[in-house]
Amino acid sequence: MEGIVSLFARIFPGFRFTFFLLLLLVCFFASIVYGTKPISYPTIYSSFVAFNNDSEDHVIIQAVRLPRALIALAVGACLGVSGAIMQALTRNPLASPELLGMNHGAALGVVSSLLFFPASSTLNHIWFAFLGAGLAACLVYIFSTIGKNGMTPVKLTLAGASLTTLLVSITQALLILSERSFDEMRFWLAGSVSGRSIELFLDILPFMLFGLIIALFIAKKIEVLVFGEEIATGLGQRTAWVKVTAMFAVVLLAGSAVSIAGPISFIGLAVPHLARSLAGANFRWIFIYSAVLGATLLLLADTAARFVIYPQDLPVGIMTAILGAPFFIYIVRKKDWKL
């Protein structure tokens, strides 16, 4: 009997992961099927096997809903994994790309690129997003280590919140300079995966995949680092290299996600908590679960956002912010914070 129980315990995590993977596929399918215009299942099927450019429904599926679903999947995965890395590195349950200013740093980079270099290629806008995210991360780290006791969760969170406010203000000021740009980017700044082409997604996809691969590659090293720098150093780990590599992965993930979808909240904060409850202390599985759950949640939120103010679309960033506010309050109340 004991052997059967232990065997089931070893097999069950595989079943559990399969369940969430199937849930992700269901949400992906739902994102393609459901929208402001009803489209029958046979029409959806025929749009893939016998695409007709003269069919409005086929064009909607292939040019609008499929890219939107793919972008939501990729962006959700990137935000989930980047949040998990940041929470592990800082040992702060509130750490996430949006709360520590990286998302809005990337957003400022994209806005600056579009305003000052409007004729430049999409790739240049992506580089500006990476630059903005990287600078934001450096500034938050510097501000949170000033003063006695070094970096603490509260100081890190306050530094991130202060920098986020500053970055949002600068972004808004830049957009006011160009009324046309403000109208064009208003929906993007709220966080949205709609209206993006598959070509833009394919341009950004390599950066996303590279960031995810780096995260999986250093997962075991982060697992050791979580126990403390002294223990990690004692085991022969180059902690500075691990931190720099991990932050490079976060910049890639957050920067690429923001460059295509704008700043989206909640996913990077909440998903790592859910992933840890499923994967325990194994960071490779934490990152995998974070990717799957992040993609699932963003697909769900985006599908639901299509019907909140039907027949208009609500930006998914607003939807995730509504979900994220109560969770943020719950985490703050749950922890015993010290300055």
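Using N, Cα and C of the backbone, Cβ positions are placed for all residues, glycine too.
Curation plays no part in TrEMBL annotations; they are all automatic predictions.
Using a Cβ-Cβ cut-off under 8 Å and counting only residues 6 or more beyond its ends in the same chain, the transmembrane segment (15-34) has close neighbours at 41, 44, 61, 65-66, 68-69, 72-73, 278, 288-289, 292-293, 295-296, 299-300, 302-303, 306-307. The transmembrane segment annotation in TrEMBL covers 15-34 (among others).
Positions annotated as transmembrane segment by TrEMBL: 69-89 (among others).
The transmembrane segment annotation in TrEMBL covers 101-119 (among others).
Using a Cβ-Cβ cut-off under 8 Å and counting only residues 6 or more beyond its ends in the same chain, the transmembrane segment (126-144) has close neighbours at 97, 100-110, 112-113, 151-152, 155-156, 158-160, 162-163, 167, 203-204, 207, 247, 250-252, 254-256, 258-259. As annotated by TrEMBL, transmembrane segment applies to 126-144 (among others).
Look at TrEMBL and you will find 156-177 (among others) tagged as transmembrane segment. Panel annotation: around the transmembrane segment (156-177), residues 90, 92, 94-95, 98-101, 104-105, 107-108, 111-112, 115, 136, 139-140, 143-144, 185, 189 of the same chain, lying at least six beyond its termini, place a Cβ under 8 Å from a Cβ of the stretch.
Away from its own ends, the transmembrane segment (198-219) comes close to residues 63, 66-67, 70-71, 74, 77-78, 81-82, 84-85, 122-123, 126, 130, 242, 245-246, 248-250, 252-253, 255-257, 259-260, 283-284, 286-288, 291 of its chain (Cβ-Cβ under 8 Å, at least six residues beyond either end). Residues or ranges marked as transmembrane segment by TrEMBL: 198-219 (among others).
Under the heading transmembrane segment, TrEMBL lists 246-271 (among others). Away from its own ends, the transmembrane segment (246-271) comes close to residues 71-72, 74-76, 78-86, 88-89, 94, 96-99, 102-104, 106-107, 109-110, 125-126, 129-130, 132-134, 137, 188-193, 196, 200-201, 204, 207-208, 210-212, 214-215, 218, 222, 290, 293-294, 297-298, 315-317, 320-321, 323-324, 327-328, 331 of its chain (Cβ-Cβ under 8 Å, at least six residues beyond either end).
The feature transmembrane segment is assigned by TrEMBL to 283-308 (among others). If you look at the transmembrane segment (283-308), the same-chain residues 6 or more away from its ends with a CB under 8 A from one of its CBs are 13, 17, 20-21, 23-24, 27-28, 30-31, 34-36, 68-69, 72-81, 83-85, 88, 193-194, 212, 215-216, 219-220, 222-223, 226, 264, 266-268, 270-272, 274-276, 314-316, 318-320, 323.
If you look up TrEMBL, you'll see 314-332 (among others) marked as transmembrane segment.
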Worksheet entry | Distal contacts, the transmembrane segment (101-119) - CB-CB under 8 A, six or more residues away | 82, 125, 127-137, 139-140, 160, 163-164, 167-168, 170-171, 174-175, 177-178, 181, 185, 189, 250-251, 254-255, 257-259, 262-265, 268
